[in-house]
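**Student:** Below is a structure I'd like to ask you about.
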C-alpha cells in the first residue's frame, strides 16, 4: 500500500474534524431544532450552513493561507446561530418570522463575504502577490515572542496584585503594547509549534508561559479573557499543523469551563460596586481558585432546598451570554418603522479613531459608534453611555445604518479585507511582516463579535503600531520567493499523462 502524501493526510484529518464538529452540533442541538418553531429552525440551519461553509473550504484544502475569514464566519455560530435555539429571553420575545428575517440578513452578510473572499484565496489560482519581504530571524523571534507571552502574564499579575512602578500616564500605552505583543506571541509560537518548527525545550517554556498567562488572566474574574487566550493557542496550533491538540483542548475545557458557574458569586464577593479593588498576589492564586471552584461545584451540584426558600435567578449559559442576534432582532423591529436608518453616521467617525489622543485631546470615545446606536433607538440616554456599554456587533450596526443592503455591502467589504490580508501572507515565513499582520487581523476577527466598526478600527490601528515598529527597527529585507508556476503534465508512452 502506498502511503498518502503529508498534504493529503492533513487534508483528511481536518476534513474529518469538520464533519465531527457538524455531527457534534447536530447531536447536541437536534432536540432543540425539533422543538422550536419551523421558521426559527430554518433560520438556525441557514446561518449554520453559511457560517461553517468557509471553514469547510479551509478544512478540505480548497483555500490557502491563514483562515482569517473562515474563523471570523465561525464566530457567528455561537453569536447568531445557536442563540436561536437557546432560552435567551432577549431572543424568545421576538416571533419566529422575525427570527427567520434576522437569519436571512445574517446569511446575506456571510454569503457576500464568502463570495468576495473565496476567489482571492482559492488554491487553483494561488501564487501570492509579489511584495518586498521583511522578516525576523526565526530563532531570535521565537525567543522574543515566548518572552512576550511571559511578560503578558507578569502584566496580569501586576494589575491583579496592585503593584506599582509604571507611571499612570504611560500605563495605558504599556498595557496596549504588551497585551498586543503577548496575543501575537501566543498565536505565532503556537502556530510554529503546530508546524513542528520549534524545539521541544522552547515548546515547554512557551507552554509554561502560556499557562501562567491564562491563569493570571482568569484570576481577574474576567473569564472571557482567559478563554480567548486558550482558544487562540488551540486555533493557532490547529492552523499550523492542521491537527487538533486533543489532550490540551480537553484539559483546558475541563479546568476553565466549570469556573463559569462560580464567577457570579466571586464577583458579588470581590467586585461589588463601590468596594475597593481586590488585590490577589500570585502566591495566593491556589486559595483564590480553590474558593472559586467551591462555588462552581456548589452550583453544578445544588443541594435540595426547602419549598419555601426563594428561587434564585437562573444563570445564563455561554450561548445566551454570547448572543448578538438579539441586537439585530431589535434593530429590525425598530428600524425603519420607529426610527430612521442612520445612513452611515457611525462610519463617518472612523477616520478620527486612528488619531492618537495625544494629538487630539477631544478625540471621541472608542465606543462612540456603539453609543450612537443605543441612543438612536432610545436603548440608552447619552448619560447612560458614560456608565454602561451595550454591545452591538458589525452586522447589527450595518443594518441600523443601511438596512439589508448595508449587511450585504459590509459583509463583502470584510470578505475583501480578510481575503487581501490572507493573500499577501501566503508562502511567507511565520515571522515576516505580512504573516504577523495577518495573524493580528486573525485575532481581531475572533475578538470582534461585539464590536462596532469604530472599536474595530481603533483596536486594529493601536495593535498594528508595535508590528510596524518591529518591521522598521528589527526586520531585514530578504529575497522575495519566486512565483509558483503550474508544472505542465509529463507525457507518458501510450498517451497517458503523469
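Positions of Cβ are set from backbone N, Cα and C atoms, glycine also.
Keep in mind that what you see is a predicted model, and the values were worked out from it rather than measured.
Quick paste from TrEMBL:
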TRANSMEM  40-59  transmembrane segment
TRANSMEM  66-85  transmembrane segment
TRANSMEM  97-119  transmembrane segment
TRANSMEM  140-161  transmembrane segment
TRANSMEM  173-193  transmembrane segment
TRANSMEM  205-238  transmembrane segment
TRANSMEM  244-261  transmembrane segment
TRANSMEM  402-421  transmembrane segment
TRANSMEM  453-474  transmembrane segment
**Student:** Between the stretches 40-59, 97-119, 173-193, 205-238, 402-421, which wins on the count of C-beta pairs under 8 angstroms to the transmembrane segment (66-85)?
**Tutor:** 40-59
**Student:** With pairs closer than 6 in sequence left out, are the transmembrane segment (97-119) and the transmembrane segment (205-238) joined by 3 or more CB pairs under 8 Å?
**Tutor:** no
**Student:** Looking only at residues six or more beyond either end of the transmembrane segment (453-474), which have a C-beta under 8 A from one in the stretch?
**Tutor:** 134, 136, 176-177, 180-181, 183-184, 346-347, 349-350, 353-354, 364, 366-370, 394, 397, 433, 436-437, 440-441, 443-444, 447
**Student:** Other than its close neighbours in sequence, what residues sit by the transmembrane segment (97-119), given a CB gap under 8 Å and a spacing of at least six beyond its ends?
**Tutor:** 37, 39-40, 42-44, 46-47, 50-51, 53-54, 57, 63, 69, 73, 76, 80, 84, 91, 125, 325, 328-329, 332-333, 395, 398-399, 404, 407-412, 414-416, 418-419, 422
